[in-house]
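Note sheet for the following structure.
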Amino acid sequence: HKLSVAPEMDIMEYCRREWRGNTPAAKRMRKGYEAVAQKFTSIRRVRGDNYCALRATLFQALSQATQLPSWLQSEDFTTLSEKLLSKYDWIKQWQLKQKLGRKMGEISDEIKEYLSLLRKKWKNISEIKGPIEKQEACDKLFRNEEEEYSLYEALKFLMLNTAIKLYNDDKNGRRVPVFSWLLFARDTSSNPCQLMHNHLNHIGHSGGLEQVEMFLLAYALQYTIQVYRLYKYSTDEFITLYPNDPEEDWPVVTLITEDDRHYNIPVGMCQETML
């Protein structure tokens, strides 16, 4: 089985291998990697399919999980799919992983299965005390394609659930984060149904996550996603936070991107670094 997240490699060695030339872009990338190397010693390459933002975020969250997030503990977490399908008929068009001979009407059971798997894996990994054993458990999970891709379906469904909540809150005059307006200001996603059809259904198949969907992912997981955007080195967008006004008690995961399309993972903190 191929590991979806490659083993650790020295971050500057990786940079030298990838960015040899003397173009302005290569120089900027090297400067960016040098800045990341002040905080992290190594990098792990993430498999570059259209799931890489979900993969990198989930891998980082599980690698450092010490407890089950409160939203995963709620009684009705696994019945989310039944609840949403009973209210919104259009969710029947949710694009599940390709399985042959699937009958309609199984969608709610299938998503329930994915959500249960997410809870189970998160719980198991968060209970492992030793960092080496925890890392081995993560590596093992990200070698199991069937399970790994099921977890991404769960994350996408949580993103849909979060989008529906934000959309309804806005309609009912409640305060919503700014990114929520941007999310629904797009011609292709003016409501949650369009968001599902034109965006979420394509994640992993024909496209990855756009910037505004990184915010949605952060809200769905209640995690702050901190991203070193290397091509933005020396601008104030070099380190971008999703959301940019994070909740105090949200844990933080850190990713690296060279182009806002593909994400890798920095590991091995040089010293305790706080936001």
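Keep in mind that glycine also has a Cβ here, set from the backbone N, Cα and C atoms.
Residues annotated as active site in TrEMBL: D49 (among others). Note on D49 (active site): other Cβ atoms within 10 Å of its Cβ, all shown chains, come to 13.
Non-local neighbourhood of C52 (active site, nucleophile): V46, G208, H262, Y263, each in the same chain, at least six residues away, with C-beta under 8 Å from its C-beta. Marked as active site, nucleophile by TrEMBL: C52.
What TrEMBL records for E237 is site 'Linear diubiquitin binding'.
The annotation active site is assigned in TrEMBL to H262 (among others). Packing around H262 (active site) is summarised by its Cβ count: 18 other Cβ atoms lie within 10 angstroms of its Cβ, all protein chains included.
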D49 (active site) and E237 (site 'Linear diubiquitin binding'), distance between Cα atoms, whole Å: 25
